[in-house]
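First up is the structure itself, then whatever we jot down about it.
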């Protein structure tokens, strides 16, 4: 933690810690060598292949400009709704979540294209920024999600079931966001323009972008989820199918060029390399904790407290929420999973239920001041006169909605487990 606080990248901080720890606790140079071998072996696994493939889907979508076509598709059919443009942002962002594995890319693209337009039309800054920040966080819950694959790999939980488990909470959050936006616009005079109905289209022109662009892109989501739910393919094979279909669609629309394909591949390689490097560090850290006796000592201390299952789970959630205010989501996983998973397994807590609670907690961290990653992503794309405190304030109502969803899943686990259990 100290190394990360002084500005060292997460992966490098864990690498330094692991090397020093292995040298001390595992017998010097021989221990470091053994730790390195085990860590490298952790990334030579087909279960991690969906990560770059899901990232590639999102990169192609944004680099080719197809994402803007999705916005246009929903913009043409949503009329006479209070706070129309924020609602369009949430609906379009939910659609992006089904074909993109990048929360940052979704927030940046929507923020760059929609927020200046909403501010120009005199929407309140809270409605112009908050919904986009919030829906960017939902991106990590709805498959394809690279973070879900990473979490499942680190926690040794079924990736297929985790991908299914995030769908219902993610969609419920989107519905709750729309309900809040409409309610805010109706109850707070002046928060949105009353005459914003957009350009009126009729007949085929109204439905053309939805039919030509949105539905084919959504079919990729159906194919990926359908292939996994029917057992036709593994998550790796489904991810490969989704990535190939995304590239093929972009080519069919004549939106794919050598330049944007190269940019998509470059972005995918950069992000995937960082993620895999982090997995190496996380694996080494977990082994170091086990070898040094820290894990057993921690479990023993918790066991003496004799906490009930619910209190144990609640304590872990509180730790995650507090931690999410100060560190990024990958760091949260690296710091907590080596300690939390033995507790979860020992208490016989449903791992899928726990996984969704963990993911929602991370989603809250993405938009929680002072260090929420999506807050700074939004600040980087909005007009310069918008201050960082304004960005923070715009996210707070949606953080509250996320907390309510977390409470709902905590007290009613079928919200998370119903769909994966239904699909086997």
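From the backbone N, Cα and C atoms, a Cβ is placed for every residue, glycine too.
TrEMBL annotations: computationally assigned, not manually curated.
Annotated domain 'TRAP C4-dicarboxylate transport system permease DctM subunit' per TrEMBL: 1-411, in sequence order. Feature annotation from TrEMBL assigns transmembrane segment to 40-62, 83-108, 128-150, 162-187, 207-226, 238-256, 268-291, 312-340, 352-376, 396-419.
It is 312-340 that, among the stretches 207-226, 312-340, 396-419, forms the most Cβ pairs under 8 Å with the transmembrane segment (352-376). Of the candidate ranges 83-108, 128-150, 162-187, 207-226, 312-340, 162-187 has the most C-beta pairs within less than 8 angstroms of the transmembrane segment (396-419).
Stretch with the largest number of CB pairs closer than 8 A to the transmembrane segment (128-150), among 83-108, 162-187, 207-226, 312-340: 83-108.
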